[in-house]
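**Student:** Annotation comment: TrEMBL describes 88-153 as domain 'Anoctamin dimerisation'. Summarising the annotation, TrEMBL assigns domain 'Anoctamin transmembrane' to 156-723. Look at TrEMBL and you will find 164-194, 244-262, 309-331, 351-370, 401-420, 529-555, 576-603 tagged as transmembrane segment.
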Amino acid sequence: MKFPTKWDFVLVCDDHSLNSEKDKKKKSFLDELYRKGFIIKMIKDEKLFYGVHAPSVMFRKYQWLLKNVDTDSEVISGVQEEDYWELMSTTRIRIVSFILQNIKIQSTKENLHDLIKKKVFETAFPLHERENLGAFLKMNWARWRDILYRQPIEKIRTYFGEKVALYFAWLGWYTCILFVAAVPGIILAIYGLISFNSSQISKEICAANTTMMCPLCDQKCPFWPLSETCTYAQVTHLLDNEGTVLFAIFMAVWATVFLELWKRRRAKVVSNWKLYLWDEEEEELAMELINNPETASPLHQHSYIRSTVVLILVGLMICVIIGIAHALVIYRVVVTVIFTQSDSEFFRERASTMAVMTGAVLHYLTIIIMSKVNRHVALYLCDMEKPRTFTEREKNFTVKLFTFQFFTHFSSVIYVAFFLGRINGRPGDYVRVGGKWRLEECHPSGCLVDLFIQMAVIMTLKQTLSNFVEFMLPWIGYKYKLLFRNPKSNNRVHMEESARDPCKEEWLWNYNLNEVNVFSLFDEFLEMMIQYSFTTIFVAAFPLAPLLAFINNLIEIRLDAIKMVRLQRRMVPRTANDIGTWLLILEAIGILAVIGNGMVIAITSDFIPMQVYKYTSSPCIQKNYTGKDCLAGYVNYSLSVFNVQDFANHENLPERKDPMGDVITHCRYRDYRNSEDYSHTVEFWHILAARLSFLILFEHVALCIKLIAAWFVPDVPRGIKNLHLQQKRERLLKRLRRMDDSTEV
């Protein structure tokens, strides 16, 4: 029998004992393929390799079923007939993969997925093209030296299919637009550096040698001068200055414009691919009919009871994730106590900062662990919903896993941003965990520093360690397989066998690559969505986030390319005309970014208290104004006074003398309370009202600007609309002429 030169798929299995249960199931599955007209070739090495080649009739059926009624031409996944042979490999692989996954053994009704789980087959994969297009991508795309070059999206589409091509098109576009966001972030940071020593608040804090602050813990912590936080106060000014509000509004507009411009670019790309009107459900139905026209297609199902149960379980999972964030809070409380009671002066002085930094590292470790747990839970919940098709299952899985991952990544960050230092009480009446440990406080120079540290640590670790692991694990796995594979591969006999049958060497090379699964591309998208969330939602506290994301993505594009072309087996190509559910997630993140940045400015930063002071109590509103800075005296205004005698353990307090040698009778703390009964002052309520007013105003203004930007930039370019309008007109004219010809007497 003459075998074809190219094979669509390769099945791999162990050499099972003759007539064993696994051997019988393997033969039954291969018999089903024979009945459908598949050509099968076996090659024996340490494993058994079965190459399968589908009959051409399947592709003619596919071509006929997906005739494009809009253009009166036959289209294969958006490819017109004259381009059919150029893209034949991706189309063949996609159809053959669908059939292999849906063929069932008649006796047991098991499909390929079931057989792989039961070790009948080990794996199944399409083959890379080591010459022609595969070699082109390897030499012109999957190389570090091409990091600044344009990606060959058309070639990627031809080799990996539209879904992978759209991912890289989106990632490349996102990276380019990130540069636009990184520039004002850099300018804001430079402005903060230039005015590093000129900030009035920093000057007052650095000169406050006699302003004694209350102890930061119950034991061993002394009274300390406010001037010790001089450096942190200057760092705070880098983040919390006059440009922060403008930058936050800019990022809200940037997120909207980015999405609108991507929609335009996507419309242009898929229109060039003839996929603008492609119907995913229709293609799945076509492949079901090709596989078995007698089998009824699964119908859409919906159960309110099942949906309610899933919703409750999702809520419980979110509560568990938030509970883990609370555990991290307790960790920071305990660690703060341990550091403050340390015999080392270095740790005592930096107890709060060390707790935040180690807490951020621990948070990163919980993210790694919970990511695996979240995946299993999301898959289980998707199975409970009984989706009709794989595409529907993927959409449900996307929403659930992103929700879990979002809370996993951001629960602790949200606590630091909006609750840290605001629910811990006051000197003499602190809120305690278990009635013993004081809740942690913000850094004395402000809560924004703590949020900045949390964001910087998590983003840096995620973008360095995660990328390192993401690349090194496949690389090590590939090298390990090459090193320890069958020793026969190095002897002369094996070389002669490979020369007689080139398929053997080709199949072994593909087999030794790292395995891919249906969620490999999903993982790349999810990673970018989490990064996009960090880049937009709390960017007011970390203006350099777009710059870090831009640098990371330049590396990420080539890293993913090298993995796909050089280190992993070939993905099964999939057709798509957009990025699917991820676009809805991006739009949701854009709205959350407006809310998050508004709350950071209104609640976390000192922007609002400074403005209230400037327009109600500053020297600028005095009649005898002498040109002093409007924020002169703000530090004293923002600190409350506490009587040392009101401490429950005031007799056991450490040395109570200030730098001048005087006995300390009062200490200061960050809050707006009177010094008699420690109730909130009028200024506290003024500031609270101003915070809420600013938050409402900021969000409404930013959302209005987003809506205007979305309206101003059309989703589809005018040229694309006119092109499709002309095509519809020509189609209708052609039909009209046919009718006239048929009725002509």
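Yeah, the Cβs are placed from backbone N, Cα and C, and that goes for glycine too.
Automatic, uncurated: that is what TrEMBL annotation is.
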**Student:** Going through 164-194, 244-262, 351-370, 529-555 one by one, which has the most CB pairs that fall under 8 Å from the transmembrane segment (401-420)?
**Tutor:** 529-555
**Student:** Averaged over the domain 'Anoctamin dimerisation' (88-153), what pLDDT does the prediction give?
**Tutor:** 87
**Student:** Going by DSSP, how much of the domain 'Anoctamin dimerisation' (88-153) is helix, how much is strand and how much is coil, in residues?
**Tutor:** 33 helix, 3 strand, 30 coil
